[in-house]
Amino acid sequence: MQIVINGDQKEIQDGSTVADLLELLQIGRERVAVEVNMDIVPKAVYDTYVLTNGNQVEIVHFVGGG
Amino acid sequence: MPVSSDTLKIAGREFSSRLMVGTGKYTSFEQMVQALEISGAEIITVAVRRVNISDRNKESLLDYIDPKKYTLLPNTAGCYTADDAIRTCRLAREAGLSDFVKLEVLGDEKTLFPDNEELLKAAKILVNEGFTVLPYCSDDVILCKKLEDIGCAAVMPLGAPIGSGLGIRNPYNIRIILENVSVPVIVDAGVGAASDAAIAMELGCAGVLMNTAIAGAQNPVAMAEAMKLAVTAGRLSYLAGRIPRKLYANASSPLDGMIS
């Protein structure tokens with residue numbers, strides 16, 4: 001299925017969870033926040049939150065700023 | 001008051017440093033780490049941005065900053081609406097597991113002055129959601145009182161435009177704010193040199209927040225130390241109570257016993 005991650009289209013396996021996606025992208029879950037269709041996905045449900053076709057996913061972290 | 005007991009209290013948390021430092025614009029993470037270390041800052045600001053999906057080898061800020069050592073203060077830099085700022089704060093809380101946010105809602109790219117209407121709107125919602133809101137705002141006492149009434153944990157009026165280095169352009173406005181709000185007043189933005197930080201502290205501000213003044217200096221690590229000393233000196237000077245300004249001289253040496 002197709003999803004949009006941080007503005008880019010990406011093909012991922014059907015039934016992938018947020019945890020699967022982070023693993024695929026090699027992103028540690030501790031230091032990021034994930035949003036699907038503008039709603040925050042709490043870390044506690046990364047393993048059970050199943051993504052669906054067309055989901056808009058944002059994965060953010062902290063960078064230098066003032 | 002002994003320096004050791006003079007702490008900054010924000011939302012029930014206590015800090016011994018009154019200097020808050022940003023983490024942007026350094027030439028390297030190593031330089032940033034050294035500057036942060038020598039500044040003595042305990043609260044440091046960070047921005048919230050997309051993870052680079054295509055290049056996972058890029059180093060990350062938190063590889064260099066221990067969140068146990070510093071209180072991270074995520075900002076909403078780059079947000080021009082209350083909605084965007086609120087969304088950024090929610091993401092920041094999830095990423096950092098802290099309620100502290102530096103709320104900024106900008107009105108214009110050229111000045112980076114706050115959009116105070118959107119700021120108040122966002123602050124109200126975020127306070128209701130349990131955030132500890134530290135708003136970057138105009139040096140306007142009416143606005144600051146509104147932010148305090150909403151429940152913001154501090155107010156952070158600008159000294160001058162962000163990154164301008166123009167110093168505290170309207171110390172009288174800052175003084176009026178200090179006399180009329182009871183939450184900590186932290187000057188955020190505008191500091192260029194150590195003397196600016198000292199002036200903010202001598203006015204009676206609870207703290208000073210800066211980024212460009214340190215990161216953009218020719219020697220950021222040396223400037224970080226200068227800022228630490230300036231904030232401490234300015235605070236002590238404020239606590240000590242300065243002499244009144246007078247137009248004419250007042251001799252320091254006794255007139256008695258002059259040779260004739």
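Even glycines carry a Cβ here, placed using N, Cα and C.
Owing to the predicted nature of the structure, the values given are computational and were not obtained by experimental measurement.
TrEMBL annotations:
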- B:K102: active site, schiff-base intermediate with DXP (ACT_SITE)
- B:G163, B:A189, B:G190, B:N211, B:T212: 1-deoxy-D-xylulose 5-phosphate binding site (BINDING)
- B:9-254: domain 'Thiazole synthase ThiG' (DOMAIN)
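Positions of the features from TrEMBL, shown on the structure.
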{"residue": "B:K102", "record": "active site, schiff-base intermediate with DXP", "Cβ neighbours (10 Å)": "28"}
{"residue": "B:G163", "record": "1-deoxy-D-xylulose 5-phosphate binding site", "Cβ neighbours (10 Å)": "19"}
{"residue": "B:A189", "record": "1-deoxy-D-xylulose 5-phosphate binding site", "Cβ neighbours (10 Å)": "28"}
{"residue": "B:G190", "record": "1-deoxy-D-xylulose 5-phosphate binding site", "Cβ neighbours (10 Å)": "26"}
{"residue": "B:N211", "record": "1-deoxy-D-xylulose 5-phosphate binding site", "Cβ neighbours (10 Å)": "26"}
{"residue": "B:T212", "record": "1-deoxy-D-xylulose 5-phosphate binding site", "Cβ neighbours (10 Å)": "19"}
Among the recorded positions B:K102, B:G190, B:N211, which sit with their Cβ under 8 Å from a Cβ of chain A?
B:N211
Could you tell me which three-state DSSP class the residue listed as 'active site, schiff-base intermediate with DXP' falls into?
strand
Where B:T212 (1-deoxy-D-xylulose 5-phosphate binding site) and the residue listed as 'active site, schiff-base intermediate with DXP' are concerned, what is their Cα separation in Å, rounded?
16
Cα distance (Å, whole number) from B:K102 (active site, schiff-base intermediate with DXP) to B:A189 (1-deoxy-D-xylulose 5-phosphate binding site):
12
Just checking a number: largest C-alpha distance across B:G163, B:A189, B:G190, B:N211, B:T212 for the 1-deoxy-D-xylulose 5-phosphate site, rounded to a whole Å.
9
Measure from the CA atom of B:K102 (active site, schiff-base intermediate with DXP) to the CA atom of B:G163 (1-deoxy-D-xylulose 5-phosphate binding site) and give the result in Å, rounded to a whole number.
16
